[in-house]
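J.: Could you have a look at this structure, given as structure tokens, before my questions?
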There are 2 protein chains.
Amino acid sequence: MACTINVNLPESSYEIQIAPSTLDKLGEYMSKLELGRKVLIVSNPTVFELYGARVVNSLEANNYQVFTCILPDGESYKNLDSIKEIYDACIEHRLERSSTLVALGGGVIGDMTGFAAATYLRGINFIQAPTTLLAMVDSSIGGKTGVNHPKGKNLIGAFYQPKFVLIDPEVLQTLPEREFRAGMAEVIKYGVIWDAEFFAQMEASTHLDSIKTISPELLETIIKLSCQAKADVVGQDEREAGLRAILNYGHTIGHAVESLTGYTEVIHGEAVGIGMVAAGEMAAELGMWTKAETERQNHLIAKAGLLTHLPKINIDEIITAIQIDKKVRDGKVRFILPTQIGKVEITNEVPTDTIRSVLNNLQRM
Amino acid sequence: MACTINVNLPESSYEIQIAPSTLDKLGEYMSKLELGRKVLIVSNPTVFELYGARVVNSLEANNYQVFTCILPDGESYKNLDSIKEIYDACIEHRLERSSTLVALGGGVIGDMTGFAAATYLRGINFIQAPTTLLAMVDSSIGGKTGVNHPKGKNLIGAFYQPKFVLIDPEVLQTLPEREFRAGMAEVIKYGVIWDAEFFAQMEASTHLDSIKTISPELLETIIKLSCQAKADVVGQDEREAGLRAILNYGHTIGHAVESLTGYTEVIHGEAVGIGMVAAGEMAAELGMWTKAETERQNHLIAKAGLLTHLPKINIDEIITAIQIDKKVRDGKVRFILPTQIGKVEITNEVPTDTIRSVLNNLQRM
């Protein structure tokens with residue numbers, strides 16, 4: 001069953017198409033967008049081997065001239081050197097302002113492709129074809145693009161919207177289970193920050209931790225409601241002047257955790273899961289929501305097979321790391337904290353002592 | 001005499017303030033803009049030694065916390081490595097989304113500072129304090145930011161507007177004469193593409209080739225009318241969907257010339273002068289304007305002390321270089337050609353033979 005979600009923005013609205021077996025239709029969809037003939041597909045070896053031929057064939061059948069740029073897989077390659085490789089491919093194949101970059105892969109590929117598209121010739125077209133759950137429900141939508149700096153995640157980047165997002169849920173069948181579970185962290189996030197009913201639907205499911213045990217109907221609902229939540233929020237605040245910051249729920253501690261573990265020991269979604277547990281505990285500590293709601297959230301995170309305690313990291317290093325995050329304003333660290341399932345508030349009034357004691361407790365668990 | 005020009009844009013209008021001896025007032029002007037407390041001044045050793053203290057003092061007197069990032073001087077350093085140095089300084093001093101980068105220098109410093117501001121934390125504030133004629137009348141206005149790629153000029157970049165532009169014409173007294181003449185190329189450009197009366201005013205002046213011999217009144221007029229022309233054009237077409245392309249008059253051949261001579265033998269403004277001569281000759285060759293108008297233009301360029309012939313460069317290399325320029329669309333090179341003094345047209349129908357013969361003639365001169 002196909003479904004289209006509109007991301008409505010002042011200058012650059014676009015469609016998210018969600019439908020199984022549509023990867024072969026990318027060329028057809030693109031034809032409607034009046035783009036130039038040249039297309040550079042950016043992907044990684046694993047994804048390109050699985051799905052590259054289908055995308056290339058679809059584009060060539062629609063008269064596009066197709067080139068490829070295959071980058072090494074993993075968050076540790078999300079840096080300016082990889083961006084340079086994309087630039088070099090763009091120049092080698094003489095991409096023009098009307099040309100298009102297609103991101104075929106997960107969040108790392110999507111973020112880098114978007115940043116290269118934003119900055120090559122001061123901006124060319126780009127399209128997202130996400131192949132991980134996390135990229136489908138989160139990073140492919142909303143125009144946050146960029147790379148990491150050795151000192152912190154996503155410190156370099158730009159707001160730059162794709163022209164189109166194509167989500168083919170069937171490709172999740174080949175996604176490693178760990179990656180699937182990591183994506184579920186962002187899905188649960190939408191339940192906590194935006195949609196209590198969606199949260200309850202996930203609570204009602206016996207399993208949440210594997211693509212094998214989740215019904216196709218629930219999977220479709222998960223992708224659809226997550227994309228809708230993201231589109232709603234971004235549509236109201238594209239550049240994160242206010243509301244959009246709620247999407248960073250779990251990310252303040254999360255970014256520090258993944259950065260301090262080298263982006264591989266704890267991957268992004270797993271770190272966000274831990275960050276949500278930490279934010280929930282802080283909110284309970286500060287009396288912003290009930291202990292019972294903390295437990296509901298933590299239980300759902302655990303049901304998705306995600307960590308709910310803090311791995312062995314020096315707590316002082318976490319405190320330092322969150323102070324150079326993008327979310328700092330006038331030296332104060334900003335947290336998104338829940339007030340009930342489906343609602344959050346933005347605050348920069350969390351005492352460092354509270355942060356420290358919550359983190360200590362999460363490490364002792 | 002002070003004068004304010006408004007750049008009116010849909011999302012990010014700003015003021016250009018033109019007034020002698022105002023560098024010391026930067027902090028005061030900034031106070032009205034409600035920016036964060038942290039300011040990073042990006043400059044080069046020559047300019048910073050001359051004017052750094054005045055700017056720092058002015059900012060500190062207005063309660064800003066000031067940091068500096070001094071980059072080596074010259075177009076050859078306008079690359080991603082220099083951008084990384086700015087990022088490192090931003091991170092070292094923990095700049096936040098509300099912080100500001102101040103570009104104190106010429107076009108190279110302005111373009112790089114703007115690009116770093118556009119891409120650090122997905123965009124922080126920036127302010128232009130141009131110290132060369134070229135930067136005052138052209139590069140500091142309009143939001144084109146970026147760096148060069150070994151294969152071509154400004155291939156990497158973003159559209160990103162400053163919050164404010166402060167032009168203190170007095171600083172031109174310390175500008176090397178060669179740099180001043182190079183700036184005059186862009187000034188003459190505005191006469192040819194936009195303002196026939198301004199062109200005639202410059203024709204009426206006995207001297208145009210030195211800051212020492214131009215009257216303060218004419219200098220003020222030059223800066224004011226140039227900024228106004230640029231603001232008019234950019235206000236109508238910020239992202240270069242159409243009209244704005246006329247500002248590239250002389251730049252198609254110009255970019256190739258400066259790139260193929262390593263950015264130092266022929267500097268940007270000088271290359272633009274040669275590019276305007278070439279474009280004028282092409283227009284005459286194609287019967288788009290008169291030979292007499294070509295002569296008027298070339299005479300004014302020569303009066304500004306600029307080259308009107310092509311240095312020793314392989315013509316085939318120029319032809320190849322213009323084909324990877326940003327101005328290419330569907331493989332066709334786009335030229336801006338004059339139809340009369342004060343008016344230009346955009347065309348991608350210049351036969352390669354015409355380009356080649358005009359360039360050959362310009363080299364034999």
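Each Cβ is built from the backbone N, Cα and C atoms, and glycine gets one as well.
All annotation found in TrEMBL is predicted automatically rather than curated by experts.
These came from TrEMBL, pasted as-is:
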DOMAIN    B:69-181  domain '3-dehydroquinate synthase N-terminal'
BINDING   B:73-78, B:107-111, B:131-132, B:Lys144, B:Lys153  NAD(+) binding site
DOMAIN    B:183-328  domain '3-dehydroquinate synthase C-terminal'
BINDING   B:Glu186, B:His251, B:His268  Zn(2+) binding site
J.: Counting every protein chain present, what is the number of Cβ atoms, excluding its own, within 10 Å of the Cβ of B:Ile109 (NAD(+) binding site)?
T.: 33
J.: Among the binding-site residues B:Tyr77, B:Thr132, which residue has its Cβ surrounded by the fewest other Cβ atoms within 10 Å?
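T.: Lowest Cβ count within 10 Å among the binding-site residues (B:Tyr77, B:Thr132) is B:Tyr77.
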J.: Out of the binding-site residues B:Glu75, B:Ile109, B:Thr132, give me the one sitting nearest to B:His268 (Zn(2+) binding site) by CA distance.
T.: B:Glu75
J.: For the recorded Zn(2+) site, whose residues are B:Glu186, B:His251, B:His268, find every other residue on that chain with a C-beta no more than 8 angstroms from the centre of their C-beta atoms, and list them by sequence position.
T.: B:Leu134, B:Asp138, B:Ala185, B:Lys189, B:Gly250, B:Gly254, B:Gly269, B:Ala271, B:Val272, B:Gly275
J.: Around the C-beta of B:Glu75 (NAD(+) binding site), how many further C-beta atoms are within 10 angstroms, looking at every protein chain?
T.: 19
J.: For B:Glu186 (Zn(2+) binding site), identify the closest of the binding-site residues B:Tyr77, B:Ile109, B:Thr132, judging by Cα separation.
T.: B:Thr132
J.: Hey, how far is B:Asp111 (NAD(+) binding site) from B:His251 (Zn(2+) binding site), Cα to Cα, in Å?
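T.: Approximately 16 Å lies between the Cα of B:Asp111 (NAD(+) binding site) and that of B:His251 (Zn(2+) binding site).
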J.: Quick one: give me the count of other CB atoms within 10 A of the CB of B:Lys153 (NAD(+) binding site).
T.: 23
J.: Measuring Cα to Cα, how many Å separate B:Gly107 (NAD(+) binding site) from B:His251 (Zn(2+) binding site)?
T.: 15
J.: Measuring Cα to Cα, how many angstrom lie between B:Lys153 (NAD(+) binding site) and B:His251 (Zn(2+) binding site)?
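T.: Between the Cα atoms of B:Lys153 (NAD(+) binding site) and B:His251 (Zn(2+) binding site), the distance comes to 11 Å.
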J.: Near B:Asp73 (NAD(+) binding site), which residues of its chain come within a Cβ-Cβ distance under 8 Å, counting only those 6 or more away in sequence?
T.: B:Asn44, B:Pro45, B:Thr46, B:Val47, B:Val108
